[in-house]
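To keep things clear, I will list the structure first and then write my remarks on it.
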Amino acid sequence: MYATSSISLSVLSPQTWPFGLQWLPQPAYLVGGVVRDALLGRHADYLDLDFVMPEKAVETAQAIAHHHKAGFVLLDAERQIARVVFEQATADFAQQMGSSLEIDLQRRDFTVNAIAYNPHTEELIDPLEGFVDLKQSSIRMVASENLREDPLRLLRAYRQAAQLGFSLDAETRAVIRQFSPYLSQVAAERIQSELNYLFGSVQGTPWLTAAWQDGLLQAWFPQATAQSLAQIAAIDRSAISLVAACPSFKAELYASLRHTTKASRKGTKNSSSATGNKSANSNSGVEAGAAKAKLAGDHRTWITVAKLASLLSPDLAQAEVELLTLKYSRAEIQAALTIIKFLPQLQAVSVTAGLSCREQYFLFQSVGPVFPALMVRALAVGVPISVLLGLIERFLTPDDPVAHPMPLVSGQDLMTHLKLAAGPQIGQLLAEIQLARAEGLITTPANALELAAKMTKL
Ligand SMILES: Nc1ccn([C@@H]2O[C@H](COP(=O)(O)OP(=O)(O)OP(=O)(O)O)[C@@H](O)[C@H]2O)c(=O)n1
Ligand SMILES: [Mg+2]
């Protein structure tokens, strides 16, 4: 135990919390990432407070939530863990595991995450010498049994190494390799959220590759090869090249998909009983997790979907099974499958001939909003940038008749003017009108009606 005078821990001060110190019983400790990050001088983009206390954890959370009109979620009744969700912060309150704080810390994942701070006395408690590992930028397990107890920690090691810019202690890595088959026992939602972080940044890529090399991804992506991982690195480079060639495409590539998904990095159902491995047992818990993931910058973009698609089987049915197993949302599954389905068409394009107007029209129609993900994946697998830039220009032009056709006439117009009955023929005529427009053959509604009249007489 040592006093904090030599280190600036102002970020841990109750002044930064959304509630006052008087709400906490004595003793109570801050633990986990917030302490680690404060010691590193690392400012997370949002406040994620984890408290442990020998008793009254849930009552404390309840009282704080009630007084501050914040959200309250009982994450685990048995282990007495509750979450209070504020607008700009989340605070978890857990009953200490075991009869002392030291025992609780000994049951955690990595030494750098097993440092506690007592806000009442302003002291750090570091029995596992996590501070030494922090200074050496090293992720070191507390004990191999702890990794066995909650195998998600195997993958967390790579995610946290990526996030912190740390290395993985050699002995820890050897244990992870040995335990890698146990990762298949972990709830898919928890795996997914770690993966999303690894997909979400350039720094994640080498660690994703390391995780694959160490056998952590095989159970979830049985078809992934060294080449798949190389393609993920190529996606990082391709995104840079596309933005350099076409700066206005950046906003499209990095558009957030989070509104389309409810998967969360914490608070999803699981059966593990490890310390700090908080699990929600209600839907509101999932919501709380999602809210937190959103605050934490769980950035799902078209680039992350393109990376995900790189690891999947090229067989659509098989890829869908892999995505469903990982509990990806409908929207993400649709997006990843669209990439897999249309990539071969782009790979087959000859640079000289390019895609015909008609082919482009159908490509835009079929791919829809997934287009940016398909472009970055296509460039990563070697489709010439010249082929892609033409398509991107169309995509970025709001009134482009090929990428964004506006109907010249409606189905109703056709029925009224040509005295046709409703039926599949109307849809076919509308498609032909759009195509003729895309090819520059017609420009006005009158032209469209003429064309349709001609076609019905054929
Ligand atoms: N599977 C897990 C999850 C969490 N923890 C412990 O619970 C703390 C808080 O967990 P969490 O907030 O998920 O992670 P952080 O380490 O705080 O990292 P982040 O910056 O991602 O919040 C961790 O530091 C660690 O002590 C653990 O031992 N095993
Ligand atoms: Mg945390």
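In case you wondered, yes, glycine gets a Cβ from its N, Cα and C as well.
As annotated by TrEMBL, compositional bias 'Polar residues' applies to 269-285.
The average pLDDT computed over the domain 'Poly A polymerase head' (28-140) stands at 96. The feature domain 'Poly A polymerase head' is assigned by TrEMBL to 28-140.
For 165-226, the entry in TrEMBL reads domain 'tRNA nucleotidyltransferase/poly(A) polymerase RNA and SrmB- binding'.
The domain 'CCA-adding enzyme C-terminal' feature in TrEMBL is assigned to 306-449. Across the domain 'CCA-adding enzyme C-terminal' (306-449), DSSP helix (H, G, I), strand (E, B) and coil residues number 98 helix, 0 strand, 46 coil.
The region 'Disordered' annotation in TrEMBL covers 264-285.
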Helix-strand-coil residue split for the domain 'Poly A polymerase head' (28-140), DSSP-based: 35 helix, 37 strand, 41 coil
Structural state census, the domain 'tRNA nucleotidyltransferase/poly(A) polymerase RNA and SrmB- binding' (165-226) (DSSP three-state): 39 helix, 2 strand, 21 coil
